Each structure stands twice: as structure tokens, then as C-alpha cells.
Amino acid sequence: MAKSGRKAAFAALETHKKRLNKTPMREMFAADPARFEKFSARAGDILLDYSKNRIDADVMAALFDFARQVDLEARRDAMWGGEHINITEDRAVEHMALRYQGDKAVPIDGKDVMPDVRDVLGRMKVFSDQVRDGSIRGATGEQFTDVINIGIGGSDLGPAMVTLALAPYTRADLRVHYVSNVDGAHIHDTLKGLDPKRTMFIVASKTFTTDETMTNAATARKWIAEGVGEEGVSDHFAALSTNLPACDAFGIKQDRIFGFWDWVGGRYSVWSAIGLPIAIAVGFENFEKFLKGAAEMDAHFLSAPLEKNLPVIMGLIGVWYRNVWDFSTQAVLPYDQRLSRFAAYLQQQDMESNGKSVTLNGKQVDWSTGPIVWGEPGTNGQHAFYQLIHQGTDVIPCDFLIAANPHEHLPPHHAKLVANVLAQSEALMLGKTEDEVEAELKAQGLDKPRIKELTPHKVFPGNRPSNTIMYSKLTPETLGSLIALYEHKVFVQGTIWNVNSYDQWGVELGKQLAKALLPKVEGTASSEGHDSSTRGLLAYFHQLKSQ
Ligand code: F6P
């Protein structure tokens with residue numbers, strides 16, 4: 001679809017906005033008792049309730065139409081078919097192969113990738129089983145009690161988020177930690193109290209060149225060498241990477257190097273060898289269930305009609321808000337403490353994918369692209385930033401996530417959690433009118449002047465949109481499905497916006513400049529040539545350091 005076609009489609013959606021602007025959601029709910037049935041859909045036991053959005057049947061029809069005009073289904077099939085849809089890096093985008101459960105070939109450039117995928121999974125199973133049962137031990141013969149994954153971005157966020165989310169499946173005697181930041185405080189605080197003889201490191205890096213990871217790995221190597229002796233170092237390391245020669249050069253034993261491929265983007269790599277720390281933490285059977293759950297969402301995405309397709313619906317509603325209503329952020333609010341890293345994970349998945357300003361043809365876009373994604377678990381967020389969501393000047397579409405069943409039997413905790421999540425989406429949608437506030441204050445016995453004074457502060461505008469995603473329990477399968485749901489949503493939006501969701505050139509400039517600045521920070525080169533702010537900051541830094 002040409003750029004002008006997209007512009008026209010966005011413009012056509014504006015007319016729907018004008019119409020909907022006149023009818024708040026509370027009126028649409030009052031007028032249509034079947035609204036929930038009309039605007040909810042399921043994939044497995046995952047229910048998406050999207051009825052509390054500023055939509056009606058005509059809006060949704062226009063959005064599905066838009067998706068068809070941009071050949072969404074053809075592009076989705078091209079991705080699954082192994083085409084190089086990541087055009088700037090000339091790569092296929094085939095993370096779905098990593099969790100594929102069928103027996104068909106998955107070809108990329110004429111070669112079926114499944115034998116290699118299964119080979120690495122098989123090796124991950126053996127290795128994770130052996131670390132868990134103690135048949136793989138440290139150099140001094142002691143069983144590992146702590147495994148530290150060193151990685152950043154996609155080599156950290158996914159496994160770290162999943163390990164936390166699946167805490168009920170972990171063992172108290174085998175702890176998995178994550179170190180990512182080049183800030184020495186991160187590795188320092190993680191190592192505090194740990195025994196090098198019982199600690200294994202996994203160096204996770206797609207490229208095996210990322211400065212943060214290599215710096216942390218060098219510090220870890222030194223710590224192990226000091227603890228068990230230089231000759232024992234290799235017993236305490238494993239590596240996950242596409243750059244096998246670099247792992248070798250680091251001194252990792254061949255049978256502890258787990259590879260993956262350039263058709264796996266870093267932020268889509270949790271399903272690959274990058275998932276090894278998850279398998280160690282929760283057991284390989286649970287890691288397999290996690291892959292299976294994602295595969296179920298893939299099957300849904302690849303086959304369900306657009307009108308019933310969860311990632312498509314969520315993606316299109318996101319486009320509706322971003323491009324037509326100009327809402328610039330998207331909150332993700334899991335009512336699950338164990339999903340406290342979910343928003344951070346989605347930030348990379350979404351913002352590194354769709355934070356782009358040029359089309360696939362290299363032309364400046366004429367429309368907004370990826371939103372700012374953020375969030376925290378409920379109910380904590382309710383006591384922090386929800387005030388702004390309810391009464392602030394920005395409208396923030398929210399995704400609420402909730403399991404029907406908790407892992408622990410601690411009544412009344414879960415019933416309260418569920419009551420809160422339902423209350424929030426209802427409050428955002430309904431709001432509270434002036435009349436309702438006045439009646440409430442009158443019932444409290446307040447006099448007229450005080451009612452007049454207080455009413456504006458207590459009115460909730462309402463008509464604030466949200467999706468609610470409800471599922472039975474946060475199992476490995478469900479978590480796999482949820483992550484895949486968001487991955488495909490990002491794909492849908494990238495297709496509408498006509499951007500390459502699979503590169504990330506925007507992170508390069510900062511990396512280059514940091515490299516150039518390091519000798520100036522270390523005081524071995526002059527700061528000449530930099531702007532006055534950078535020079536001023538460097539000078540003040542050196543002044544503070546020398547005090
Ligand atoms: O921040 C850029 C980035 O390349 C991410 O896309 C990636 O997930 C992260 O750095 C880490 O890269 P690597 O796995 O190669 O160390």
C-alpha cells in the first residue's frame with residue numbers, strides 16, 4: 001500500500017472518531033447489553049475483553065479493512081515463510097520456528113531450520129538437567145547453587161522476566177540471577193554472599209561483542225579465577241550466542257556453547273538458547289511448555305480470521321489510539337506481582353521494534369509510530385500513578401492482565417486482586433459525572449457551597465479505554481502465549497506503520513559515542529571537539545573525582 005493510501009486510511013478513521021466522540025462508552029454499554037459478547041475474543045483460555053474501548057462495529061470494520069489493505073495476512077505469511085522481511089539487515093524473522101511444534105519443514109533460504117533448532121533444544125535439555133541434578137559441578141566438585149546470567153537487552157529481559165513470572169516452578173536450592181548493567185554495582189551486589197565454587201555464569205549475547213556483557217563477563221571470570229583457580233574457570237562458564245568463534249575465544253568449552261541464528265532478533269530470542277537460564281530455573285519440561293504456549297498463540301495468529309485474531313485486534317486498536325486519537329503511551333498493568341518485569345520486557349519488544357521514523361522504503365513517515373510502553377503491577381500502581389490515568393489530561397489506553405487462579409491458596413488475597421482489576425477498568429470506562437458527585441456529597445450531608453467547591457475535583461471524566469486479558473493461571477504455557485500475543489501485536493502495528501520492526505539502528509549512535517568518550521572519562525584523552533555541555537560535564541566530573 002502506498003504512503004498516500006495509508007494517509008487516506010488514517011483520514012477515513014478520523015470521521016469515525018468524530019462520530020464516536022459524541023457517544024461515551026458508558027452510553028454504548030447502556031444501549032447494547034451484548035457489547036461484551038461482541039467485543040471479546042479468545043485464544044485457548046486467554047480471553048481478550050476489548051469492549052471498554054472507544055470503538056463500535058463500524059470502527060472495527062474500518063480497522064480490519066485497513067489491515068487487509070496493507071496485506072497484513074500476506075506479510076504475516078511471508079514472515080512465517082522465511083522471507084527476509086528484515087530488509088535493512090537482509091534477514092528472515094523466524095522466531096516462530098524456535099517454538100514450532102509441528103513436523104513440517106520451516107525453510108529459510110532453502111534450508112529447513114528445524115533440525116538445528118531441535119538439536120540445540122536437545123543440548124539445552126541435557127545441560128539444564130545435569131546442572132539441576134548435580135551431575136555437572138564446579139571445578140572443586142561442588143554442586144551449583146547459583147547460576148548468573150550475564151546479558152543485556154534481549155539477552156536479559158526475557159529470561160529475567162520469565163524466571164520471575166514462573167517463580168512457583170523454581171527450586172529454592174538453585175537460584176538464577178541476572179546481571180545486565182555495566183554499572184559495577186549490579187554484579188557486585190549480585191555476587192555478595194555467593195560462593196564462586198558453587199556459582200556458574202552464563203554469558204548471553206547474540207553478538208558476543210556487547211560492551212556491558214563483555215565487561216561483566218570479564219569481572220565474573222576474574223572472580224571465579226580468584227575463587228577456584230585459573231585452571232577451573234571453564235567449568236564455571238557457558239555461553240549463548242550466534243557468534244560461536246567469539247565464545248570459543250573467551251575460553252568457553254565447546255559443549256557449553258549454545259548457538260542460535262541471525263534470523264532470531266535479540267528481543268525475540270527468549271525462545272532460543274537465550275532461554276537456557278529459564279530451563280535451569282524451572283526445569284526443561286516447563287521450558288518446553290512455555291514454547292508450546294507460544295506455539296499455540298502462533299497457530300491462532302496464523303489461522304484465526306482477522307476479526308477473531310487477538311494480536312490483530314490489539315494491534316489495530318493500538319493504531320486507532322496512536323494515529324487517530326493521538327494517545328502517545330500504552331500502559332501494561334498486570335495484576336500479578338510475578339509479572340513485575342513484564343512491562344520492562346515489553347518496552348524493548350515494542351519500543352525497539354516500532355520506535356522508527358522511516359518507512360520500509362526509507363521515506364520519513366507521515367504518521368506516529370510506536371507508543372511509549374510502560375507499567376507496573378496492580379494493585380501497587382493504583383497507589384502511585386493511577387491518579388493521572390483517571391483524572392490527568394492525557395488519555396492512557398491500559399492493558400490489564402489477570403489470572404483467575406493464583407498459585408497459592410491464601411484467601412482473600414486473590415479475590416481482592418480480581419475485584420481491584422475489575423474496579424479499575426470499570427471506573428476508567430464509567431467515570432463519575434457531576435450529578436453523581438453532587439448526589440454523593442449531598443448524601444454525606446455537605447452544604448451547597450462546599451458541594452460546589454468540591455465537585456470539580458471529584459468528577460472523573462471516564463470514557464478512558466482499556467483491554468482486559470484474563471486467563472486461568474500464569475502457567476508456563478500461558479506465559480508463552482501472552483508473550484507471543486504481544487510479539488504479534490507489534491508485528492501488526494509495524495505492518496500498518498510500514499516500518500521495519502526487526503532492526504534497531506537507533507541504539508548505535510550512543511554506543512559509538514560512549515566508546516569515543518571513554519578515554520576522556522578515564523583522563524587519557526582531551527575533551528576537545530565536544531560540545532560545551534559535554535566538555536563542561538567532563539570537567540566537573542574530573543574536578544569531583546580529584547576532591
Ligand atoms: O540494545 C541493542 C541490542 O542490540 C538489543 O537489540 C539486544 O537485545 C541487546 O543490544 C543485546 O545484544 P547482544 O545479545 O548481542 O549482547
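Each residue, glycine too, has its Cβ placed from N, Cα and C.
Under the DSSP three-state reduction, GLU352 (active site, proton donor) is assigned to helix. Sequence-distant neighbours of GLU352 (active site, proton donor) (same chain, 6+ apart, CB under 8 A from its CB) are GLY153, ARG267, GLN504, GLY506, VAL507. Feature annotation from TrEMBL assigns active site, proton donor to GLU352.
Using a 10 Å radius centred on the Cβ of HIS383 (active site) and all shown protein chains, the other Cβ atoms total 9. Per TrEMBL, active site is recorded for HIS383 (among others).
Residues within less than 8 Å, Cβ to Cβ, of LYS511 (active site) and separated from it by at least 6 positions along the same chain comprise ASP211. In the three-state DSSP scheme, LYS511 (active site) falls into the helix class. According to TrEMBL, the feature active site maps to LYS511 (among others).
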